[in-house]
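Some notes on the structure that comes next.
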Amino acid sequence: FYHAYEHYLESAFPYDELRPLTCDGQDTWGSFSLTLIDALDTLLILGNVSEFQRVVSVLQEGVDFDIDVNASVFETNIRVVGGLLSAHLLSKKAGIAVEAGWPCSGPLLRMAEEAARKLLPAFQTPTGMPYGTVNLLHGVNPGETPVTCTAGIGTFIVEFATLSHLTGDPVFEDVARKALKALWKNRSDIGLVGNHIDVITAKWVAQDAGIGAGVDSYFEYLVKGAILLQDKELMSMFLEYNKAIKNYTKFDDWYLWVQMYKGTVSMPVFQSLEAYWPGLQSLVGDVDNAMRTFLNYYTVWKQFGGLPEFYNIPQGYTVDKREGYPLRPELIESAMYLYRATRDPTLLELGRDVVESIEKISKVDCGFATIKDLRDHRLDNRMESFFLAETVKYLYLLFDPDNFIHNDGSVFDVVITPYGECVLNAGGYVFNTEAHPIDPAALHCCRKRKEEQWEVEDLMQEFYSLKKNKKFPLKRAAECGEGESAKDPEDGPSEKGGEKRSSKSTHSLLSCPSQSFNAKLAVLGQVFLDNT
């Protein structure tokens, strides 16, 4: 990690990525100092608190999203929004003095929200499925192609739902869900989705169905979204897809590519991106099948010292022009999940093999280089940010059973927020597809009060209406602190129904920050408690 990280800082920062053969940097995904954002939570997982704190300060001062850059909606979400959200939720653990209101507020959360808002124009399509590219300053370019890959549509629910729950703004989760459901609605009669779709017309442009490139993280996010949000609908969608995938694409514990409408084989290849699948299977409890598929993939690794981008299964060899290995994490990711589930030492052997391969083949003076061709080990002048975000992180977690990420809930932190007590760092972290861990407990820190507030405000409006019509006398149950009285019913109607709230009160009905929530009001004798 440090050989790569320190050379990025010395030779490439503030560019997105390190070019390890020429010891310089380049912008690849939008000019965000991407490797720094992507590596941030890895620093904490490795225990480097001081560098985590330093980088947080650097990012707050140096990253600007108001730039005239065409950015990938998918990549910006998983790397930038995901990385900032994860770092935000880990800030207190890293010893940063968090502001009052954390985790429902904070500078990294505001940065994540700003980045995500730049992506929202992409979702303004007739289908709700987003464009693949957006200009961060001007929105979607007029001539932008409407063709987007399936993963580029279905890989938002983890980050966007987290944002909505932390900020109270439902727009992020709403657009992510709408996009997910649009893909579900447009699956074929045999239950499969293709590779690329027109987001305006919902017509499938590439009709190859499989679990790999262009589709992969859509399935991943149905499972992880279901776990994060305890959402049965998302899980049932995945389980339906899983049946179709097993029926049409699975052969001898390999997964092939098939025509989405007919189920006929179109490409008998294994792609390195598919190696996440055994890890995903383990998350839904299908460990035996996961191990069998994993062992198939491991044989390919042992054949080449890496996973080629494409591997022809019948021929047992690489596919022309797809012989490279850009230090991808997916096989190691699956090994980490499966080791947690089985403790099978074979998985540690894979980890050892990966470390030895990367050290032997890919290490150069200025970092670690993409392997251009696994047959002769030629290198390419690139070190993708996911090497530090994912590959090294999953390797480290495979070999560190006592890492805080693996917490089983036996220890946790209780944080006092303006909305009550909040349990954090109890484990159960959900990794986004760039390996940025999200603490699922954090989603319950900020959302509850919003729901209560909406419920109570609806009731209050009803009572105000009754009192105005002289049908019901309403008495204030609790007085607010000095200068913050609750809105008087005689002040006039609320914003609901299109009428303006009185200028006499600029405060929310429940804006008494000096008192706990349950001291603020009771209506018709019903006290609204924090635990109801």
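Glycine is no exception: its Cβ is also placed from the backbone N, Cα and C atoms.
Features of the protein shown, as given by TrEMBL:
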- Glu75: active site, proton donor (ACT_SITE)
- Asp216: active site (ACT_SITE)
- Glu309: active site, proton donor (ACT_SITE)
- Glu330: active site, proton donor (ACT_SITE)
- Thr433: Ca(2+) binding site (BINDING)
- 479-502: compositional bias 'Basic and acidic residues' (COMPBIAS)
- 479-511: region 'Disordered' (REGION)
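Recorded features from TrEMBL, shown on the structure.
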residue : record                    : contacts (Cβ under 8 Å, 6+ apart)
Glu75   : active site, proton donor : Trp29, Gly30
Asp216  : active site               : Ala151, Leu273, Glu274, Tyr276, Thr433
Glu309  : active site, proton donor : Gln271, Ser272, Leu273, Val319, Arg322, Glu323, Gly324, Tyr325, Pro326
Glu330  : active site, proton donor : Ser272, Leu273, Glu274, Ala275, Tyr276, Gly279, Leu307
CB contacts for the residue listed as 'Ca(2+) binding site' [other CB atoms within 10 A, all chains]: 25
